[in-house]
């Protein structure tokens, strides 16, 4: 009986711990993460203070913080080839990183670090030099900056069969030297690295290539981490938020269900299906059942996105900034529909898969510059600064904890729905106008459409909709309008 009670206690403690790792530790009603891909730490700090906090963003996913290999031309993916765990990259050094985390936390913006626990750098001719000046010999699995030697890695092999668990989790992903996370020493170095970031005030981690590591090894690592730092405004005993990259199309041996109890999981099916719908390959009317009925994870386990830094570069159904009208409609739906832990993308312009972030002649990442409307102009796309997207972050905050009600569709690609009595969204992806009296579920009054304009000093700079005493309003979205979506909420009442 005593053994049973002890086992039950340990089981419940483990369940409680994993549940806590699904909590993003947001401030107030904020509930959207933005991925400021390849931004410098000093620029993120300023963005937190001047743009993200005033517009209600909840957190920032940042690029990998550890020292990486220097590759010719400086492609973005060099950040995913670690040399050591020193906090020096093209985004800045440890002092600048710590300053950024502190300043963002001070204004209620949480920081989530993209971390590389699966591997170190791939092969390199001769001695490689990292962004902190550390030397390594990846071909010999020698990384003295940690230090790691060949005994800390799995034997080299290639992944040729994605249904072979051994290959997926112990062979080398695209030639990257595969760490042995079952080793006590490797575990200790990974935990030390993550704990240092927690000490500096981060709120959690995006775990790159999680499916390439055994779930039981990750469970041990996550469970060994320190609680979040109360000096950065986190409550006592708060656990780091974990979201894991697991690409699961439903037909491979290693599945997302092995990881979703340890933390949230990136729901790639969401990205693929929302792209198909707004590209016109699936009628929007079917989105009424969006979520688990589509084979997605439970809402609290799913990290959702229209595109990410990887799949936006691939051919296929995934939308990106190069299809702006459809991308804005998809993002509006993403942020309005009550499903998932939402993340929006902030990209830089690219012509091919390897395009580096905007940089100067010395290959230093340059800071974003803005026009008079606040949009980025020097190679940075900054989707998060598009009014149609940051306005929907405000919409999502305004309707938090409300249910989806009042669904309407025309049997095809025109839809609308309410979020309780606090918000209303309408979308037109047909080649003809949407012009109809629709139930907005809102209290009577005049509302500013936050997609086409902003509410400034009590006046709307875009479309406005008058809602009658029954909650109905006349909605018009022309097929040729600049935006194919309209959004109203209680905080945008004129």
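Using N, Cα and C of the backbone, Cβ positions are placed for all residues, glycine too.
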Using only what Swiss-Prot says about chloride binding by 308, 343, identify which of 187, 206, 239, 419 is listed for that site too.
206
Out of 105, 118, 281, which is the one Swiss-Prot records at the Ca(2+) site of 169, 178, 212?
118
Just to verify: the residue among 118, 308 with the fewest other Cβ atoms within 10 Å, which of the binding-site residues is it?
308
List the same-chain residues at least 6 positions away in sequence whose Cβ sits under 8 Å from the Cβ of residue 448 (disulfide bond), in sequence order, or say none.
454, 455, 460, 461, 462, 463, 464, 488, 492, 493, 494
Measuring Cα to Cα, tell me the gap between residue 157 (disulfide bond) and residue 118 (Ca(2+) binding site) in whole angstrom.
15
Applying the rule Cβ within 8 Å of the centroid of the Cβ atoms of 206, 308, 343, what extra residues of the same chain belong around the chloride site?
33, 35, 61, 114, 243, 245, 266, 303, 305, 309, 345
Residues within 8 Å of the 118, 169, 178, 212 Cβ centre (excluding the Ca(2+) site residues themselves):
119, 154, 168, 170, 171, 172, 173, 179, 181, 209, 213
Distance [Cα-Cα, Å, rounded] between residue 308 (chloride binding site) and residue 245 (active site, proton donor):
11
Using a 10 Å cut-off between Cα atoms, which of these recorded positions sit near residue 178 (Ca(2+) binding site): 171, 206, 208, 376?
171
Same-chain residues at least 6 apart in sequence whose Cβ lies under 8 Å from residue 48 (disulfide bond):
60, 100, 103, 104, 107, 109
